[in-house]
Amino acid sequence: CSPGCFTIFTVHPMPLVGLGTWKSEPGQVKQAVIWALQSGYRHIDCAPIYGNEPEIGEAFQEMMGPEKGIRREDVFVTSKLWNTKHHPDDVEPCSPKNLSYIVVVLNLNEFNSAVECKQQRNSSVASIKPTVLQVESHPYLAQVELLAHCRDRSLVMTAYSPLGSPDRAWKHPEEPVLLEEPAIAALAKKYNKTPAQIIIRWQTQRGVVTIPKSITESRIKENIQVFDFTLEPEEMNQVTAVHRGWRYIVPTITVDGKSVPRDAAHPHYPFNDPY
């Protein structure tokens, strides 16, 4: 396994940087995956609920094969199951056949994932030991406690929305803009990198798998060009210190004209905890 990946299940390398595909529309995602594979990505994160896995499979078929330079077994694919699709008979039909096979399947529900993580303090309660926990994580939500929890249990933590998901339809004008954070901008200037590259490098140095989404060729290329420099320990601390407990991805509903967290009244609502 190269320096840019973990090894889980003892055999499959999991690259530290992958291409996220949430919100990548059909008609766009195939080309994004092709650009990613051409740029050296060997980790693609997807899900049936995103509605674009068949097109991702088309990109795989076009780019992979004995005479095409990329073997299917060299590409790590993460997909996800909705909570109604946990029965063994439901797993295979959830994945398009042109994806060939999937290395990791996650429970696509951060609410349940967070609750599960709290309940897995003694991993012996699980009949199949979890190996990956995917959660929102970025400098404004550093997840320091959760990362320590995962390390103690040999879990790999994956960060979704690592750049603050700036293309969300439900953005609020008053929310902080992660890519404009002064501490990150100063490091970007020092290393002649983009703020996004500084954030991705910070995550990879922490051992966090990071899956930035993009459909823009230049950004796809930039986002994986983070292994040619190293942040100093004090610089790592500077990035971590901008943490403000801010979540960009919280399901909301409208009550009396106001947007409120959808599940906040649930007795097991996890986001009131440090992680």
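Any Cβ shown, glycine's included, is placed from N, Cα and C.
Taken verbatim from TrEMBL:
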- TYR50: active site, proton donor (ACT_SITE)
- 18-93: domain 'NADP-dependent oxidoreductase' (DOMAIN)
- 126-242: domain 'NADP-dependent oxidoreductase' (DOMAIN)
- LYS80: site 'Lowers pKa of active site Tyr' (SITE)
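Listed in sequence order, the residues of the same chain lying 6 or more apart from the residue listed as 'active site, proton donor' and placing their CB within less than 8 Å of its CB are THR21, TRP22, LYS23, SER24.
DSSP states for the domain 'NADP-dependent oxidoreductase' (18-93), grouped as helix (H, G, I), strand (E, B) and coil, give 33 helix, 11 strand, 32 coil.
Confidence in the domain 'NADP-dependent oxidoreductase' (18-93), given as mean pLDDT, stands at 86. There are 22 other Cβ atoms within 10 Å of the Cβ belonging to LYS80 (site 'Lowers pKa of active site Tyr').
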